[in-house]
Amino acid sequence: MASPIIRCLGLVSLGVVLLCTTCRARPDPVTLSDPVTLSYSEALNHVLRQTHFSSSHTARLLKDNSMQLLNLLSSADIRGLIVSSASEAPDGKSSQVFAELKVGVEGWSVDTNMAGGDVARKNNGRGQRESGDGVGLSLLQCIDDFSLFQKAVESRELWAMKMLDAYGKPSPAIFDLNVLWLGAYDECREVTVTQNMTSDGHSFTGKYCNGGIPVILENFVLPVITVKEGLCVPSSCADFDVKLIFNVLLKKELNQSVSLGDVTCTEPTPKLDTLAIIALAVCGAFVVLMVVGTALDVALVQVPRLRCEDTLSILMTGVDSRGEREPLLDVQKHSLSFQLGTCTKLLASFSVYSNVKKLVDTRQSAGSLTCIHGIRFLSMTWVVLGHSFWVATSLGSWNVGRWLEISMKRVMFQLVGNATVAVDTFFVLSGVLVSYLSLREMQKRKGRLNWFLFFFHRFWRLTPVYMMLVFLYLATMQYWGDGPLWPHTWPDRDNCRQSWWTNLLYVNNFVNTGDKMCFGHSWYLANDMQFYILSPFIFVPFYYSAAYGCLSALLFLLATTATPAVLTMLHHYPPGALAKVDTTQQNNGSWFQDFYIVPYTRMAPYVVGMVAGYIIYRSNATLRMPKMVAFLGWVVAGAMGLASLFGLYDATANDPMPVWQAALYNAAGRTGWGLFVAWVVLSCATGNGGFVNTMLSWSAVVPLSRLTYCVYLVHLPLIYTVFLMRRTAFYVTDIDVVLFFLGMLLLSYMVALVTSLTLEAPMMGVEKVVLQRASSPSNKHSEHKQG
């Protein structure tokens with residue numbers, strides 16, 4: 001009877017997975033915005049666009065139209081136009097321009113086409129004007145201050161020359177896509193015009209703005225590139241004012257063929273809002289808990305324990321005639337116990353002393369898979385490297401086109417370009433541990449498992465620190481820094497306000513995906529939780545029969561390998577973020593949300609890991625292989641790993657990959673990598689790993705491995721923050737990317753250590769205290785008496 005039941009369960013699971021691929025609501029396509037405000041998914045697609053740009057006909061188009069392009073870019077030099085108009089215009093011409101503009105504003109007769117049709121644009125929180133009350137006064141003040149600035153430039157006043165100097169200037173290497181002319185952010189904001197310098201007795205400061213100038217070649221409708229230029233304007237001006245004034249100067253008075261597109265201006269650092277104050281109060285509460293918990297732990301546990309151990313060491317041992325120590329009392333040191341109340345234990349869970357002690361303790365219990373620590377640390381390092389590359393090549397870099405074009409020709413670049421397989425390594429490790437530990441627990445409990453604790457422990461292990469960081473992220477991110485690249489509105493802030501619940505329920509890879517995602521890299525956690533929920537359909541059949549387990553695992557594996565192939569054939573998805581596919585069909589940015597982050601295309605490594613976990617459990621971690629078998633296993637597994645990692649080289653460096661080959665890679669690539677990692681774990685866990693196991697089991701990486709989860713949570717926001725606080729564009733070179741990566745790796749582990757001691761470790765301690773309290777015999781006895 002069991003065989004048909006298990007077979008039905010497997011078929012139902014297969015049906016559920018396949019049903020998800022057809023019933024899942026498809027979100028709207030992603031529209032790329034200002035690279036400074038890209039979300040996580042947009043950043044990936046932005047790099048994809050830049051990659052193909054550097055090697056496509058568009059790059060050749062720029063070179064073929066070099067003179068026209070250079071002429072247009074010279075017109076985009078707003079600073080040069082200001083200098084030219086101030087020095088070459090007839091006397092009073094510049095003042096006349098602003099006077100006419102002022103008259104037009106007073107009658108609201110300004111040609112709206114000169115402002116790009118945005119005169120009546122709704123205020124969107126970035127200072128853009130809406131026609132109505134108050135617009136005339138504020139815009140008139142801006143025009144007056146701009147007129148004063150123009151006159152001061154003509155008379156070469158120092159404050160005006162500083163403002164002018166802060167404008168972005170044309171930079172070299174235009175054909176390498178160096179169109180990020182940031183200017184001098186701090187110099188602009190330091191300019192102050194006092195009351196005695198203005199006619200009406202008011203004062204203003206310099207305000208830094210970032211304007212986009214689309215460059216459209218003849219016979220083309222859409223812009224080929226967009227120049228991002230830093231502007232320094234009076235603080236009385238809002239975004240729309242700047243756009244209006246410069247477009248009047250460019251089009252009407254200076255007869256230029258370019259126009260200023262979107263303009264975003266930095267505002268003074270906002271005061272802490274209610275949400276930020278609450279976030280800081282919560283952080284303060286955790287600090288208080290850590291101080292109190294540490295004090296209680298030291299006073300009530302650690303000091304008494306040391307005293308008792310010193311006393312017992314005297315009573316327990318003596319010296320015999322041979323000079324050797326021997327026990328005098330039959331008392332064991334580890335029998336010491338300190339009876340503390342539940343509240344005291346809960347507070348002691350926040351003890352920094354005890355949590356640090358647990359973190360750095362490298363002792364491993366019997367049956368531990370020690371090699372996993374090394375693999376976990378190396379994989380996390382790889383993830384940080386990959387994300388450092390993504391950010392460096394998608395935000396504020398001016399030679400990314402040339403660097404990518406050169407780098408993608410190198411085979412070893414696949415270590416960065418195809419670093420997404422590092423996430424598959426984590427899926428393999430999760431599958432191994434879930435299968436191995438669950439089967440051991442079922443064996444200990446004679447086939448039973450506390451399913452409430454099975455799911456609750458996983459949820460509690462991941463969620464408190466995760467959601468706390470999401471809360472801190474949306475509440476305080478805007479206060480972390482500033483600069484010419486710093487976003488004026490954080491996409492993730494609004495996303496998290498609307499979509500935080502999808503993260504809490506671990507469905508953020510299905511609901512509000514793409515540019516609506518909150519905490520973009522948390523898609524991995526959603527997949528991991530979904531795989532964990534499905535895992536009993538695999539390891540439970542394995543417990544009763546190897547055949548049943550293999551059947552269930554095979555069904556899942558077939559579903560999650562066939563689905564990527566089908567989706568690739570239907571939608572012509574590329575085999576990787578940087579690999580090209582031979583197709584004219586555009587997926588409009590849907591590759592990330594419809595293919596990359598969904599569970600039915602990512603589960604194969606997890607299933608492979610679960611099978612490996614079963615083998616380790618079944619062999620009791622003592623599977624001895626003949627040397628020739630072990631050698632062949634390493635050769636085959638290594639070949640699969642290398643094929644998965646470097647198999648996209650030709651599609652990245654040279655010609656696009658045919659769609660059918662892309663489908664084959666998307667179907668088998670992650671499975672092949674999963675088999676490679678699973679073999680490494682299996683060999684090391686069963687004594688066949690040799691020097692590989694020795695390196696991966698090095699005790700020094702154990703504490704670093706324990707911090708991996710917190711590192712994953714904090715590393716990407718930190719990378720974004722550090723990079724976006726730059727004052728100049730990033731010049732991408734190998735050594736610069738490596739140094740940036742190493743710095744971010746160190747910073748991520750430092751912040752992760754604080755996060756772990758503040759949130760992760762205490763929450764695990766709280767869970768332990770609560771569960772012990774609920775399962776203690778005395779508690780059950782008291783409940784029985786009360787009943």
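Cβ coordinates come from backbone N, Cα and C, glycine included.
Note on TrEMBL: of 415-439, 515-539, the range annotated with the feature transmembrane segment is 415-439. Here the transmembrane segment (275-300) has Cβ contacts under 8 Å with residues 338, 340, 344, 347-354, 468, 471-472, 474-476, 479, 757-759, 762 of the same chain, all six or more residues outside its ends. Counted over residue pairs separated by six or more positions, the transmembrane segment (597-617) shares fewer than 3 Cβ pairs under 8 angstroms with the transmembrane segment (377-395), which leaves the two as not touching. Two recorded stretches are said to be in contact when at least 3 C-beta pairs lie under 8 angstroms, sequence spacing 6 or more; the transmembrane segment (459-480) and the transmembrane segment (707-725) meet this definition. Cβ atoms under 8 Å from those of the transmembrane segment (629-649) belong to residues 411, 414-415, 417-418, 421, 575-576, 578-579, 657, 665, 669-670, 672-673, 675-677, 679-680, 683, 688 of the same chain, restricted to positions at least 6 beyond its ends. The average pLDDT for the domain 'Nose resistant-to-fluoxetine protein N-terminal' (139-272) in the predicted structure is 82. A Cβ distance under 8 Å defines the sequence-distant neighbours of the transmembrane segment (673-695), meaning residues of its chain 6+ beyond its ends; these are 369-372, 374-375, 421, 424-425, 427-429, 432, 604-609, 611-612, 615-616, 619, 621-625, 630, 633-634, 637-638, 640-641, 644-645.
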